[in-house]
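Engineer: The structure's right below; bear with me while I get my questions together.
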Amino acid sequence: MRSILLSSIFLLIFSGSCLAILDAFTDGLDLGGYSLPRSVNNYELHDSCLIELRKQMNLEKHASLVYKQMAFHFGSVKMARPGFSKIFEHHSTEEHEHSNKFIKYIDLRGATIGSFNITMPHKTSWSKALEAVEDAIELEHFVTNEIIRIHRIAEKTCKDVHLMNFLENDFIEEQISSINKLMKLATLLRSVGGNDGGYGEYLIDRDFFNGKLSLDEL
């Protein structure tokens with residue numbers, strides 16, 4: 001009889017402790033100043049970050065169109081620079097893929113992309129390849145700075161580690177590498193008299209077109 005009574009008391013104490021723990025996790029358990037919140041939604045994007053991602057999606061589309069404009073310009077009969085047309089076409093495709101990455105990421109986080117609002121390129125011609133490469137460098141700097149700005153918002157406002165990792169792993173490293181290659185190309189063009197868009201530019205263009213030279217080799 002005594003053992004049954006002790007068992008019953010133990011069960012009551014154990015059940016009470018379990019309920020207390022459950023209530024603590026439900027209401028928020030205070031552990032030396034740290035609290036476990038009732039519910040934290042780390043899946044859905046914070047509104048501030050969603051707005052910025054939509055802007056970046058459109059910016060990447062804009063960059064793709066700028067490079068497409070460059071590709072068509074240097075591939076035209078007036079310029080006849082198929083090598084540089086090839087380079088800028090590659091960059092156009094790359095920026096288009098970047099935009100699609102943002103679209104897929106927004107969808108992954110349960111949000112919608114909203115409406116496209118893409119700014120059209122304001123410049124349609126370049127007198128020489130060096131001028132276009134310098135414009136490309138400026139564009140890449142702007143795109144990179146915007147991505148870094150979103151990263152800061154993700155860190156300070158949205159507290160979104162997943163988004164920060166996405167930007168770091170899929171964009172920031174690649175952007176820095178792209179700027180480096182374009183700056184080397186600009187230096188190469190200047191070294192062969194690229195300021196006048198003459199024979200030196202032609203030789204570099206020919207090597208790019210024939211596959212003897214690539215940005216990765218610079």
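Placed from the backbone N, Cα and C atoms, the Cβ positions cover glycine too.
Curation does not apply to TrEMBL; its annotations are automatic.
Sequence annotations record features per position, and here TrEMBL assigns signal peptide to 1-20. What TrEMBL lists as domain 'Ferritin-like diiron' is 43-193. Per TrEMBL, Fe cation binding site is recorded for E60, E95, H98, E140, Q175.
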Engineer: With an 8 Å cut-off on Cβ distance to the E60, E95, H98, E140, Q175 Cβ center, who else from the chain surrounds the Fe cation site?
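Structural biologist: Nearby residues not in the site list: A63, E94, V143, T144, F171, E174, S178.
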Engineer: Among the binding-site residues listed here, E60, E95, E140, whose Cβ has the fewest other Cβ atoms inside 10 Å?
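Structural biologist: Lowest Cβ count within 10 Å among the binding-site residues (E60, E95, E140) is E140.
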Engineer: For H98 (Fe cation binding site), which residues of its chain lie six or more apart in sequence with Cβ-Cβ distance below 8 Å?
Structural biologist: E60, A63, S64, F171
Engineer: I want to check the contact list for Q175 (Fe cation binding site): same chain, sequence separation of six or more, C-beta distance under 8 angstroms. What comes out?
Structural biologist: E140, V143, T144, I147
Engineer: Can you work out the mean pLDDT of the predicted model over the domain 'Ferritin-like diiron' (43-193)?
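Structural biologist: Averaging the confidence scores along the domain 'Ferritin-like diiron' (43-193) gives 98.
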